[in-house]
Amino acid sequence: MSEKRVEKKLIHYVKKALNDYRMINTGDRVMVCLSGGKDSYTLLSLLNSIRIEGNYKFDIFAFVLDQSQPGWDDSALRGWLDDKKIPYEILTRDTYSIVKEKIPAGKTYCSLCSRLRRGIIYRYAEEQGFSKIALGHHRDDLIQTLLMSVFYNGQIRSMPPKLLSDNRRHVLIRPLAYCQERDIIKYAMEQQFPLIPCNLCGSQKNLMRQRVKRLISDLAKENPKVPSNMLRALSNIKPSQLMDHELWNFRELNVD
């Protein structure tokens with residue numbers, strides 16, 4: 001697939017997500033969380049292209065959190081943002097030391113790291129008056145999270161494309177919800193984004209998400225529709241076919 005075709009495909013699915021879930025309204029100030037990875041770069045690049053087209057009237061701002069991880073170097077990232085003329089701020093907060101101190105060796109850091117990062121993001125968005133917080137999770141993240149929740153937490157849940165935070169002060173959006181990771185990888189390579197690797201997570205083996213990712217990949221080899229069917233299932237729920245007592249009063253369920 002050519003460079004333009006990949007970009008066109010991704011923009012199509014981002015616009016579909018924006019419209020299906022009314023993610024962005026006229027006049028919104030959208031804070032895009034830029035981690036330095038392929039997904040967040042792709043999200044920011046595509047939203048910027050859509051903004052420049054002019055059909056969607058909104059402003060974007062890139063928020064970068066430097067968590068003081070060893071080897072972090074954002075000089076190329078700064079250059080890329082300056083070149084694109086995208087306003088941004090890089091905030092330094094040492095969550096790395098906290099995670100290393102609290103999590104025993106050999107255990108996964110992702111949960112605590114995410115909680116700390118989320119608190120900082122919410123606080124910054126509120127202080128700066130942003131109406132939307134855009135995250136770079138894509139289709140594969142959503143379906144992997146679904147299986148992870150079932151397998152390891154005993155819950156049927158995932159990542160919604162649009163979410164009101166628990167404190168009801170922030171609206172989170174995931175414009176890449178329909179986009180496949182393989183297309184994002186191609187796009188990121190073509191755009192030559194100056195990626196910043198996450199040394200904290202990348203050094204850990206056998207993460208749950210990687211195992212679930214391999215499982216879905218293996219199933220897709222037998223039936224290519226498996227990933228798309230899983231995504232479709234997230235918006236095609238049949239509550240009467242489940243066994244949640246909060247949805248149905250099973251004890252009183254009888255024929256009239």
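Glycine too: its Cβ is placed from the backbone N, Cα and C atoms.
The feature [4Fe-4S] cluster binding site is assigned by Swiss-Prot to Cys110, Cys113, Cys201.
Per Swiss-Prot, the feature motif 'PP-loop motif' maps to 35-40. For the motif 'PP-loop motif' (35-40), the mean pLDDT of the prediction comes to 96.
DSSP assigns Cys110 ([4Fe-4S] cluster binding site) to a helical segment in the three-state reduction.
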